Amino acid sequence: MFPMVTGFMNYGQQTVRAARYIGQSFMITLSHANRLPVTIQYPYEKSITSERFRGRIHFELDKCIACEVCVRVCPIDLPVVDWRLETDIRKKRLLNYSIDFGICIFCGNCVEYCPTNCLSMTEEYELSTYDRHELNYNQIALGRLPMSVIEDYTIQTILNSTQIQIVTDKPLNSRTITNS
């Protein structure tokens, strides 16, 4: 008779333990119900990039002096700078400037070391294409400014968790306002 009683006691203890585990997991689920969703609906919602985000490189042709510092500091010697020496004025004349973003590692060295600040990083990160040759940007394509995510009224902008903490500490500015 005692084995039957101990069997019922073990069964009762296991039932209570299982109910406790189910209750704990249910409480965890309920605690996550109040949180904002982590995923975003990508084509219609986009995250606002941080100020130090390293996206596509923007090139200003008028400022470039063809010094080739960008080529020397690039870890993979990526920028292609073609120039010709103008003998009458003793200056280099830039003929072609191109960067292949299929190979670029977006380290930002070219932007940091450029003496004339003709290179800058943009917030554009949508560089996907079906043909890798379309990722080779010349000076004309590099000179185009991308459309800002904040200025696009068709897209709802979402703040990152670090940006939400900054917003609670600082007053709102144009980079922290979401479009509704």
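Note that Cβ sites are derived from N, Cα and C of the backbone, with glycine treated the same way.
Some features that Swiss-Prot has for this protein:
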BINDING   Cys64, Cys67, Cys70, Cys114  [4Fe-4S] cluster 1 binding site
BINDING   Cys74, Cys104, Cys107, Cys110  [4Fe-4S] cluster 2 binding site
DOMAIN    55-84  domain '4Fe-4S ferredoxin-type 1'
DOMAIN    95-124  domain '4Fe-4S ferredoxin-type 2'
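The Cβ neighbour count for Cys107 ([4Fe-4S] cluster 2 binding site), using a 10 Å radius and every protein chain shown, is 14. Here the C-alpha separation of Cys104 ([4Fe-4S] cluster 2 binding site) and Cys64 ([4Fe-4S] cluster 1 binding site) works out to 20 Å. Taking the Cβ of Cys67 ([4Fe-4S] cluster 1 binding site) as reference, residues of its chain lying under 8 Å away and at least six apart in sequence are, in sequence order, Lys92, Pro115, Thr116. With Cys64 ([4Fe-4S] cluster 1 binding site) as the anchor, the candidate binding-site residues are Cys74, Cys107, Cys110, and the one with the nearest CA is Cys110. Tertiary proximity for the domain '4Fe-4S ferredoxin-type 2' (95-124) is limited to same-chain residues at least six positions away from its ends with a CB under 8 Å from its CB atoms, namely 49, 53-65, 67, 69-70, 73-76, 78-84, 132, 135-139, 142, 145-146, 148-149.
Same-chain residues that are not part of Cys74, Cys104, Cys107, Cys110 yet have a Cβ within 8 Å of the Cβ center of the [4Fe-4S] cluster 2 site turn out to be Ile57, Cys70, Val73, Pro75, Ile76, Leu78, Pro79, Ile99, Ile105, Phe106, Gly108, Asn109. A Cβ within 8 Å of the Cβ centre of Cys64, Cys67, Cys70, Cys114, the residues given for [4Fe-4S] cluster 1, is found for these other residues of the same chain: Ile65, Ala66, Glu68, Val69, Val81, Cys110, Pro115, Thr116, Cys118, Leu119. All chains included, 22 other C-beta atoms sit within 10 angstroms of the C-beta of Cys110 ([4Fe-4S] cluster 2 binding site).
The helix, strand and coil residue counts that DSSP assigns across the domain '4Fe-4S ferredoxin-type 1' (55-84) are 5 helix, 8 strand, 17 coil.
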